[in-house]
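Have a look at the structure below, then the notes.
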Amino acid sequence: VRTELEPIELEDGAAVPKEFANPTDDTFMVEDAVEAIGFGKFQWKLSVITGLAWASNDAMEMMILSILAPQLHCEWRLPSWQVALLTSVVFVGMMSSSTLWGNISDQYGRKTGLKISVLWTLYYGILSGFAPAYSWILVLRGLVGFGIGGVPQSVTLYAEFLPMKARAKCILLIEVFWAIGTVFEVLLAVLVMPTLGWRWLLILSALPLLLFAVLCFWLPESARYDVLSGNQEKAIATLKRIATENGAPMPLGKLIISRQEDRGKMRDLFTPHFRWTTLLLWFIWFSNAFSYYGLVLLTTEFFQAGDVCSISSRRKEVKAKCSLTCEYLTEEDYTDLLWTTLSEFPGVLVTLWIIDRIGRKKTMALSFFVFSFCSLLLFLCVGRNVLTVLLFIARAFISGGFQAAYVYTPEVYPTATRALGLGTCSGMARVGALITPFIAQVMLESSVYLTLVVYSGCCLLAAVASCFLPIETKGRGLQESSHREWGQEMVGRGSHSPGVTRSNSGSQE
């Protein structure tokens, strides 16, 4: 069945998209090719490499902070504000670089931006192990954070090679590598810290990045990016390579070249169609990081006090102690770190189960609501066992909400601004991570209940923001062009074969 197509005027030399092409032409888009080739051996390899990026470049480097801070506090006799600054400077580096890496990935390619950020983190991560004084390690860890800001671009590259039906599940499963990376870092610390010390821990933790840097040479550039930048031959070669590795046939016909666009421009995030989406996503990402890292800090405080109602009395006793009093991490502390990390696995599994059933927006809203509800239940002065259950449920869901945001954000933006959109959202998340210590630690000294209200209220607002997102990306293909006349929310066409007569299923707002 063929439908009549209305005539449309395009600029001189502009390629005609499939939705408006002559139905008798044998043409296809990159989206058609990705869907036709499907998920196979190539995507499995890409999954492992992308997972390695998350485990080595993000999880391990972030987990080091919870191990390095108490060690330097004791060894160098640092006051508490300098210990806190050692953590904050990493988030400052990540916040300042996230947008830059997104711009580089949109301008010069996803592979280029990812490779440079990994080499940057590797170099300064190893140098951190040779820091002679506090000022040196402060600067070097800030530079490490600057490199970590480019890690989200691995999700951009990964998502652009995934067929529609597998995209959400694969991106969520990649996040499992984050938890694996943190577990590996804790186990490495157990082996290294008692004998070799923190310097060797920093050096050995950076070595997995060297493996990823080598594997980067196997990574192809995104075919979607190549088409958008006018490199049709390279895009076809990449698609043929994927088809060969997967043992699937290439689509018949001619690959359509997208209209040439400016890439990586901040103004494109604030066009009338994307302005509201961008602002809501910024708040959602901010709330995610603000609540996630806040809960990590609160968990330690609550466990040390025994229950929420004992926080105030314990604080009064602590004030009488010397500020330089320190304790090295014990085997029990490392065990607690492992258990806390393992609580994220259920969150990913729950999100994996519901995200394709109720959609991305509702999944994020549900995660925020459950976190907020568990926070309010802490007002009841529950015992330690119930406290543990509530904290684990809260962390599982806020972690799952974070993963849902990683699925939704690359899907909602077009190829020309996809990396930049994800980068700016990641930058806003780092702002939340910067602010949360002042709430979870400083405000907690004044009022534990006010602290819980802040986190609960923020997540309730984020749940509402998730519901108000204009676009639901469930069941839709990745948008190639930012021009609305090309079909802003194109429905995925995975069930169709390019080159075969079909109805025009693209929707246009």
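Cβ from N, Cα, C; glycine included.
Sequence annotations record features per position, and here TrEMBL assigns compositional bias 'Polar residues' to 498-509.
Under the heading domain 'Major facilitator superfamily (MFS) profile', TrEMBL lists 47-474.
Per TrEMBL, the feature region 'Disordered' maps to 480-509.
According to TrEMBL, the transmembrane segment annotation covers 46-69 (among others).
Sequence annotations record features per position, and here TrEMBL assigns transmembrane segment to 81-104 (among others).
Beyond the transmembrane segment (116-137), the same-chain residues lying 6 or more positions past its ends with a Cβ under 8 Å from any Cβ of the stretch are 53, 57, 61, 72, 76, 78, 82, 86, 97, 101, 104, 143-144, 146-151, 153, 199-203, 205-206, 209-210, 212-213, 216. Residues or ranges marked as transmembrane segment in TrEMBL: 116-137 (among others).
Summarising the annotation, TrEMBL assigns transmembrane segment to 171-192 (among others).
Taken from TrEMBL, the feature transmembrane segment covers 198-219 (among others).
For the transmembrane segment (273-293), the residues of the chain that approach it from at least six positions outside its boundaries are 364, 368, 371, 395, 398-399, 401-402, 405, 408-409, 412-413, 417, 421, 424-426, 428-433, 435-437, 439-440, 455, 458-459, 461-462, 465-466, 468-471, 484, 488, 509, judged by C-beta separation under 8 angstroms. Taken from TrEMBL, the feature transmembrane segment applies to 273-293 (among others).
Residues annotated as transmembrane segment in TrEMBL: 363-380 (among others).
Listed by sequence, the residues of this chain that lie at least six past the ends of the transmembrane segment (386-408) yet keep a Cβ under 8 A from its Cβ atoms are 152, 155, 167-168, 171-172, 175, 281, 284-285, 288-289, 291-292, 295-296, 298-299, 302-303, 307-308, 340, 343-344, 346-348, 350-351, 355, 360-361, 363-364, 366-368, 370-371, 374-375, 377-378, 425, 459, 469, 473. Sequence annotations record features per position, and here TrEMBL assigns transmembrane segment to 386-408 (among others).
The transmembrane segment annotation in TrEMBL covers 420-440 (among others).
TrEMBL lists 452-471 (among others) with the feature transmembrane segment.
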Query raised in the report: When you check the transmembrane segment (171-192) against the transmembrane segment (81-104), do you get at least 3 Cβ pairs under 8 Å, counting only pairs 6 or more apart in sequence?
Result: no
Query raised in the report: Among the recorded stretches 46-69, 198-219, 363-380, 420-440, which has the greatest number of Cβ pairs closer than 8 Å to the transmembrane segment (452-471)?
Result: 363-380
Query raised in the report: Taking residues 6+ outside the transmembrane segment (81-104), which of them lie with a CB under 8 Å of any CB in it?
Result: 61-62, 65, 68-70, 72-73, 112-113, 116-117, 134, 137-138, 141-150, 152-153, 264, 266, 419-424, 426-427, 430-431, 433-434, 437, 441
Query raised in the report: Mean pLDDT over the domain 'Major facilitator superfamily (MFS) profile' (47-474): what is the value?
Result: 80
